[in-house]
Amino acid sequence: MSKKNDVLTKMLDYGILMVLIILIIFFSVASSNFLSINTCMTILKQVSITGITSVGMCYVILTGGIDLSVGSIAGLSAVIAALVMQAGAPGVIGSLVALLVALAVGALNGFCVTKLNMPALIATLGTQTALRGLAYIVTDGLPVHSFSKTYGNFAKTSIAGIPLMVILMLLVFLVGKFILERTTFGRYVYGVGGNEEASHLSGVNVMRVKLIVYAFAGFLSGIAGLVLLSRTSSGQPSAGDGYEMDAITAVVLGGVSLSGGEGRINQVMIGVVLMGVLSTGMIMCGINDYVQKLVKGIVLILAVAFMEFSGKVRNQRMVQK
């Protein structure tokens with residue numbers, strides 16, 4: 001019985017990787033062009049923005065929260081950077097202004113959750129709606145085009161054949177991993193999500209941890225918005241729409257518990273790649289956008305169900321021990 005439990009636990013631990021391998025094999029058979037270097041680079045470029053926002057989302061969910069505003073923050077950041085550059089400022093200034101706004105909005109989310117005791121779902125949903133409306137107001141609903149064309153070079157530049165935007169995503173993941181696994185603050189993040197009351201009693205400033213986490217998520221969303229601006233070469237008021245669901249799906253696929261305190265950022269990276277493989281594979285197989293959204297929704301539901309099942313199995317195993 002013990003050996004069976006060990007095998008089941010291993011399958012649960014590596015389930016996301018197994019699904020990724022199965023998807024790669026399936027789409028390689030379905031489309032002869034899928035398994036190529038160009039397709040791999042396309043997938044990584046496609047998920048670079050989702051990957052960056054997923055790191056911030058991972059931190060938030062680990063503390064037991066949720067952030068539905070990451071897509072709107074990314075979109076507003078892109079619009080603000082474009083408008084500042086359109087006014088004649090260099091790209092560096094436009095980027096800094098956008099990142100400061102994104103950081104401030106993230107901190108505002110944290111303030112609403114910690115100081116005003118608002119449910120994270122409601123607070124960030126309100127921010128999401130307000131920011132989207134603000135993006136349309138400042139642009140009159142029109143894309144912002146007239147800014148430095150060299151800004152778009154970032155999305156087109158590669159180092160040793162690897163796009164800069166992919167390198168940036170990997171750097172964000174490495175920094176996020178280091179903070180979570182090698183620093184005291186990372187332990188605080190897990191502690192707050194696992195048992196907030198116990199963390200408070202042990203001397204952890206729970207409110208400050210949550211505030212920093214939401215601000216961090218906002219900042220990373222700002223970076224994602226700048227990458228998006230470079231890719232599209234225009235500040236679209238609708239930019240980033242739906243990115244929050246992609247980030248949540250990737251994080252949940254990676255095994256991060258929605259109740260907080262459990263999960264690894266390595267697995268989140270696999271979840272991000274899996275989402276990219278799924279999207280690109282469906283496109284190459286000629287599946288339309290509506291069906292893709294349906295599939296993504298089903299994947300999210302199955303991921304949550306799988307997470308609940310794996311949690312019960314682990315709890316039963318602990319009881320047996």
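Every residue, even glycine, has its Cβ placed from backbone N, Cα and C.
Automatic, uncurated: that is what TrEMBL annotation is.
Among the features that TrEMBL reports, transmembrane segment is placed at 12-31 (among others).
Per TrEMBL, transmembrane segment is recorded for 69-87 (among others). Long-range Cβ contacts of the transmembrane segment (69-87) within its own chain (Cβ-Cβ under 8 Å, at least 6 residues beyond either end) map to 49, 53, 56-57, 93-95, 97-99, 101-102, 105-106, 109, 124-125, 127-129, 131-132, 134-135, 138-139, 144-148, 151, 217-218, 220-222, 224-226, 228-229, 232, 234-245, 247.
Panel annotation: around the transmembrane segment (93-113), residues 56, 65, 67, 69, 73-74, 76-78, 80-85, 119-120, 123-124, 126-127, 131, 147, 151, 210-219, 221-223, 225-226 of the same chain, lying at least six beyond its termini, place a Cβ under 8 Å from a Cβ of the stretch. What TrEMBL records for 93-113 (among others) is transmembrane segment.
If you look up TrEMBL, you'll see 120-139 (among others) marked as transmembrane segment.
Residues or ranges marked as transmembrane segment by TrEMBL: 159-180 (among others). Same-chain residues lying 6+ beyond the ends of the transmembrane segment (159-180) with a Cβ under 8 Å from its Cβ atoms: 41, 44-45, 47-49, 51-52, 55, 58-59, 62, 186, 189-190, 220, 223, 227, 230-231, 265-266, 269.
Annotation source TrEMBL lists transmembrane segment at 211-230 (among others).
Sequence-distant contacts of the transmembrane segment (268-288) (same chain, at least 6 residues past either end, Cβ-Cβ under 8 Å): 16-17, 19-20, 23-24, 26-27, 30-31, 33-34, 39, 42-44, 46-47, 50-51, 54-55, 58, 173, 246, 249-256, 295-296, 299. According to TrEMBL, the feature transmembrane segment maps to 268-288 (among others).
Taken from TrEMBL, the feature transmembrane segment covers 294-311 (among others).
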